[in-house]
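Encoded as structure tokens, here's the structure I'll be asking about.
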Amino acid sequence: MAGLAVNIDRVATLREASQAATPDPIAAALLAELAGADGIVCHLREDRRTIQDRDVRLLRRVIQTQLILEMVATSEMVGIALDVRPERVTLVPESRQEVASDGSLDLIVHSKSMEETIGALQNNGIPVNILINPEPEQIKLAHQAGANGIAISTKTFCEATGATKQRQAFAKIIDAVKLAKKLKLDISAGRGLDITTIKAFTGVTEINTYYIGHSIVSRAVLVGMDRAVRDMRDLINGL
């Protein structure tokens, strides 16, 4: 059965937009755990636009499931990861112009720079995944760089308009999953998944964990965090 890792960045976005103490992403993480989440994901950006250092350290202290830290491959972030010791790091890109973190790493450009970061984390017992698009060359480069696994971006599939484009985007994901499995990489997937698009993954048993944030937090505004997480957990259980 695949796991559900709830990304709480959007809760921090609401907090920072109001320059207030609430809503507290730590409280959201605890509620998500109680509702059945298998892990908590947060992205500590270099510009600290959403999640703050305080959030990461508190999460490490209070959550009972896995802490998955998304970060860029810099010496500062490696130092924080080695101090906090999450169960897993996912390397992601950042852009100061982006409203939300939703891009993927291009390993054709960045694979060499990833190797040092991956080694530093792995040598201290922290597994590393890399967020990439579902393209064969990207998966092979992630494997060559020594990553433990990949996080497949589902953004193109989730945003595709029309049945043909959706089928084409989903076929790329399936091909990527099969290749990653052959290379014995850990496989997670996320970016844009919601209670509708997740149903397409019925029968895709190779994916170990789904990273889902925005759709859960946006539903939580209407139905509460507990129900939003439980509904997604139930859907994943049925895949």
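Start at 1 and count along the chain as shown; that gives each residue its number.
Every residue, even glycine, has its Cβ placed from backbone N, Cα and C.
The annotation 3-amino-2-oxopropyl phosphate binding site is assigned in TrEMBL to ASN7, GLY192, GLY213, HIS214. The active site, proton acceptor annotation in TrEMBL covers HIS43, GLU70. Under the heading 1-deoxy-D-xylulose 5-phosphate binding site, TrEMBL lists ARG45.
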If I take the alpha carbons of HIS43 (active site, proton acceptor) and GLY213 (3-amino-2-oxopropyl phosphate binding site), what is the distance between them in whole Å?
11
Would you kindly give the Cα-Cα distance separating GLU70 (active site, proton acceptor) and HIS214 (3-amino-2-oxopropyl phosphate binding site), rounded to the nearest Å?
15
With DSSP assignments reduced to helix, strand and coil, which class does HIS214 (3-amino-2-oxopropyl phosphate binding site) get?
helix
Have a look at the recorded positions (HIS43, ARG45, HIS214) and report the one with the fewest Cβ neighbours inside 10 Å.
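Comparing Cβ neighbours within 10 Å for the recorded positions HIS43, ARG45, HIS214, HIS214 has the fewest.
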Could you state, as a whole number of Å, the largest distance between Cα atoms of any two of ASN7, GLY192, GLY213, HIS214, the listed 3-amino-2-oxopropyl phosphate binders?
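Looking at ASN7, GLY192, GLY213, HIS214 as a set, their Cα atoms extend up to 11 Å apart.
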ARG45 (1-deoxy-D-xylulose 5-phosphate binding site): which of the recorded positions ASN7, GLU70, GLY192, GLY213 is the nearest Cα neighbour?
GLU70
Compute the C-alpha separation of GLY192 (3-amino-2-oxopropyl phosphate binding site) from GLU70 (active site, proton acceptor), stating it in Å without decimals.
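Their Cα atoms are separated by 16 Å.
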Does DSSP give HIS43 (active site, proton acceptor) helix, strand or coil?
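Looking at the DSSP assignment, HIS43 (active site, proton acceptor) belongs to a strand.
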What's the CA to CA span in angstrom from GLY213 (3-amino-2-oxopropyl phosphate binding site) over to GLU70 (active site, proton acceptor)?
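Cα-Cα, rounded: 13 Å.
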Please report the distance from the Cα of GLU70 (active site, proton acceptor) to the Cα of ASN7 (3-amino-2-oxopropyl phosphate binding site), rounded to the nearest angstrom.
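That separation, Cα to Cα, works out to 10 Å.
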Check each residue in the chain of ASN7 (3-amino-2-oxopropyl phosphate binding site) that is at least six apart in sequence and keep those whose C-beta is under 8 Å from its C-beta; list them in sequence order.
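For ASN7 (3-amino-2-oxopropyl phosphate binding site), the qualifying residues are ILE40, VAL41, CYS42, HIS43, GLY190, TYR211, ILE212, GLY213, HIS214, ILE216.
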Just how many other Cβ atoms lie inside 10 Å of the Cβ on GLU70 (active site, proton acceptor)?
25
